[in-house]
Structure formats: structure tokens, C-alpha cells
Amino acid sequence: RRHKQYREELNLTVAAPLPLRAEAGWLQFQLGISRDGLYPRSSAAVSRLLRDLRDLPTISADYSQDEKALLGACDCSQVVKPSGVHLKLVLRFQDFGKAMFKPMRQKREEETPEDFFYFVDFQRHNAEIAAFHLDRILDFRRVPPTVGRLINVTKEILEVTKNEVLQSVFFMSPASNVCFFAKCPYMCKTEYAVCGSPHLLEGSLSAFLPSLNLAPRLSIPNPWIRSYSFEGKEEWEVNPLYCNTVREIYPYSNSNRLLNIVDMAIFDFLIGNMDRHHYEMFTKFGDDGFLLHLDNARGFGRHSHDEISILAPLSQCCVIKRTTWLRLQLLAEPEYRLSEVMRESLLQDPLAPVLTEPHLLALDRRLQLILQAVGRCIDTFGEATVVANDTRQPQRPAVHRAKLDT
């Protein structure tokens with residue numbers, strides 16, 4: 001009976017449960033996760049997965065667990081409450097594939113208004129796509145494979161969903177476009193709807209990680225978390241010696257965790273993401289495992305502004321992995337300029353151009369600011385102290401970091 005119900009939910013008509021093909025892109029990607037990253041440097045499985053995300057028809061659509069938690073439909077912890085302007089759906093494909101769909105909210109040439117707080121900013125589908133490409137170029141490999149896709153919201157969402165609540169939020173706009181909006185306890189109005197043209201809508205599709213039953217993950221508060229209120233500051237924002245306190249706390253005291261936090265800060269500074277309140281990591285790989293760089297949709301909001309405070313972990317702690325340092329220096333060389341490598345990489349995406357030219361050029365400018373920050377650290381404490389071998393904990397500088405102008 002359970003199998004029959006499952007088949008009906010997936011629109012399957014076969015008499016027996018479908019076997020999982022060993023060559024399925026979703027499976028090969030998940031099996032390739034290691035302590036070095038979500039996928040190997042040269043991964044045929046990721047290429048195949050991106051192609052599947054781009055081309056395979058959807059067989060069902062539903063709200064994400066975040067929205068279901070708010071509607072009382074599931075027991076989900078650690079939920080950051082979404083509003084009506086932050087709509088995301090789970091789309092399913094053959095071979096039990098599953099992806100997070102984030103629709104286009106903002107045109108590429110639009111910038112986040114100066115008066116917006118980071119925690120009420122739009123979520124941008126093209127930021128998710130660009131973040132995957134940048135993460136891969138930096139050789140972090142901590143962002144799940146993400147691709148852009150033009151979705152027919154009628155055929156690929158409305159007609160395949162079994163969720164009556166999701167069905168109920170679809171409507172036809174005065175311009176005869178098919179639209180839908182988020183169903184949540186507040187700020188859920190037709191003014192915040194996303195609309196096709198008349199049926200087609202851009203969006204990003206991010207591959208799901210293995211289920212928590214198969215690959216448990218921890219969600220950990222970022223030591224450099226920001227204040228999620230309209231006033232007030234966190235300790236790191238007012239105390240230049242804050243990193244000394246963090247270093248006394250396990251696991252930042254005796255593992256590579258602090259170096260991984262610095263990697264994440266460098267990544268977030270390049271994309272302009274201020275919204276990193278938590279980070280996740282697989283429990284299987286222990287304290288030295290890599291940090292997952294998830295939920296990057298608030299990146300690439302303002303190309304005209306560089307938010308230096310995002311670099312606080314680097315400028316306050318004055319440590320960086322040698323591999324990261326070498327990669328950043330390489331991407332500053334004229335023949336490997338970051339903006340040009342990104343431009344070429346993003347041309348592979350179906351929604352190219354993913355970023356506008358000012359956003360690409362901002363990457364070069366921000367990279368120079370990172371190199372300058374590391375240079376100041378080296379001038380103060382010496383390269384042997386600042387640039388750490390990736391496999392051992394860096395030496396702790398004895399000199400107070402207040403010397404540095406952060």
C-alpha cells in the first residue's frame with residue numbers, strides 16, 4: 001500500500017518500485033562527497049548532474065521544509081523564517097533526483113537599495129548560480145552543483161504538484177501571465193508573487209545533499225554572526241581582539257575550523273554576502289571537515305559597494321590556508337584574472353549572462369582588497385605565522401592584533 005501511494009505521488013504507473021540506476025547523476029554526485037569537498041576537481045558526475053538539472057522533466061513539486069515548518073506540516077528545527085518575498089520549491093526528477101528551485105526575483109542590472117538591511121534583502125537566483133561557479137574556481141568545492149533553468153511554471157510546477165496549498169496560490173495576472181506566491185504566516189501577498197512570461201520563469205536549481213539520515217550534518221552559529229535587528233552590534237564589531245576569544249573556544253582552539261571560517265569569509269566577501277548566520281558541516285568528517293557554503297542567494301546584490309566587515313575573520317585572526325593564499329594570488333595574475341575566469345565559466349550556464357559586467361569587475365577589485373588584508377597581516381606577524389599549512393594548526397601570534405588597522 002505504501003509503495004502504491006508513493007508511486008501515485010510521483011506520477012509513476014509501473015507495478016513495482018523503480019530501481020535506482022547506479023549511473024544516476026544524483027547518486028554519483030552524492031557518492032563522490034569526501035573530506036576534501038562535495039566533488040573531485042574533475043568530476044564527470046557533476047557535469048552529468050548539471051545536465052540533468054537543466055534538461056530532465058519534473059515529476060513533482062512541493063514547498064521546501066522551511067515553508068512546511070511554518071505551516072505546521074512538519075517538525076523542522078533551525079528554521080530561518082522566510083517571508084513572502086523568499087519563495088523556494090523542491091522539484092523532483094526521475095531516478096529520485098531532487099533540487100531546490102529559487103525563482104527570479106530581481107533583474108540582473110538591479111542593485112540592492114542602499115537602505116536595505118541585509119536580512120530583508122531579495123534572494124537572487126543568479127547569485128546561487130554564480131556562487132557555485134566562483135566556489136569551484138576558488139577550488140573550495142563546498143557549494144552544491146547549481147544551474148540556471150527556464151521553468152514552465154504551469155507544466156513543471158502547477159500540473160505536477162500534489163500539494164493543494166501550492167496549487168491554490170497560482171493565479172493569472174492582468175497581463176495574462178501565470179503567477180504564484182509563497183504561502184506563509186506573514187507578508188504573503190500577490191504583490192510578492194513571481195510570474196512567468198506568460199508561463200516561462202527563470203530560476204536556479206541546486207542539487208540536494210544526501211538526506212540527514214544517510215549523512216548527518218551539524219548547523220553551527222557563525223562566531224562572526226551579525227545582529228539580526230535594526231540596531232545593536234555584536235562583540236566582533238566593536239572588539240578588534242575578538243579573535244583571541246574565539247581561539248580559546250573549542251573547536252576553534254585545536255583544529256582547522258578557524259581556517260575554514262576564514263575561507264568562508266573570503267568567499268562571502270567576494271560575492272558580497274552578509275547573511276552567513278550559521279554554517280553546516282558533515283559530522284562524518286569530524287572537527288576538521290569542510291564547511292558547506294549553502295544559501296548564497298543574497299550575494300551579488302551591490303557591485304558598487306565592498307562590505308569590508310565581511311572580512312573580519314581574516315583581518316582579526318590574521319591566518320589563511322596556504323592553498324587558498326596561492327589560489328588567490330594566481331587569480332590576480334593577468335592571464336588568470338578572476339573576472340575573466342568567472343565570465344568564461346558562467347557562459348556554460350543556460351541563463352548566461354548570469355552576472356552583469358560591473359559584478360564581474362567587482363570580483364577583481366575585492367580580490368585586491370583580500371590580498372591587501374593578507375599583506376598587512378604578513379607585514380605585522382610574518383608569513384610563517386599568517387600563512388598556514390592546511391593540515392596543521394597555525395602558530396598563534398604573540399603580538400596583539402590591535403596593531404592592525406581593521
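Quick reminder: no glycine exception, Cβ is built from N, Cα and C everywhere.
Just so you know, TrEMBL annotations never went through curation; they're auto-generated.
Annotated active site per TrEMBL: Asp275, in sequence order.
If you look up TrEMBL, you'll see Lys102, Ser206, Ala207, Phe208, Leu209, Glu280, Asp295 marked as ATP binding site. Neighbour list (Ser206 (ATP binding site), Cβ cut-off 8 Å, at least 6 residues apart, same chain): Ala99, Met100, Lys102, Glu128, Phe132, Pro144, Pro145, Thr146.
Per TrEMBL, the feature Mn(2+) binding site maps to Asp295. Taking Cβ-Cβ distances under 8 Å and a sequence gap of 6 or more within the same chain, the neighbours of Asp295 (ATP binding site) are Asp275.
Sequence annotations record features per position, and here TrEMBL assigns domain 'FAM20 C-terminal' to 170-386.
The Cβ of Ala207 (ATP binding site) lies under 8 Å from the Cβ of Trp26, Phe29, Leu49, Leu53, Gly97, Lys98, Ala99, Pro144, Pro145, Thr146, each of which sits 6+ residues away along the same chain. Per-residue pLDDT, averaged over the domain 'FAM20 C-terminal' (170-386), rounds to 92.
Cβ neighbour density within 10 Å is lowest for Phe208 among the binding-site residues Phe208, Leu209.
The Cβ of Glu280 (ATP binding site) lies under 8 Å from the Cβ of Arg217, Leu218, Ser219, Ile220, Leu291, Leu292, Leu294, each on the same chain and at least six residues away in sequence. In the shown protein chains, 18 other C-beta atoms lie within 10 A of the C-beta of Asp275 (active site).
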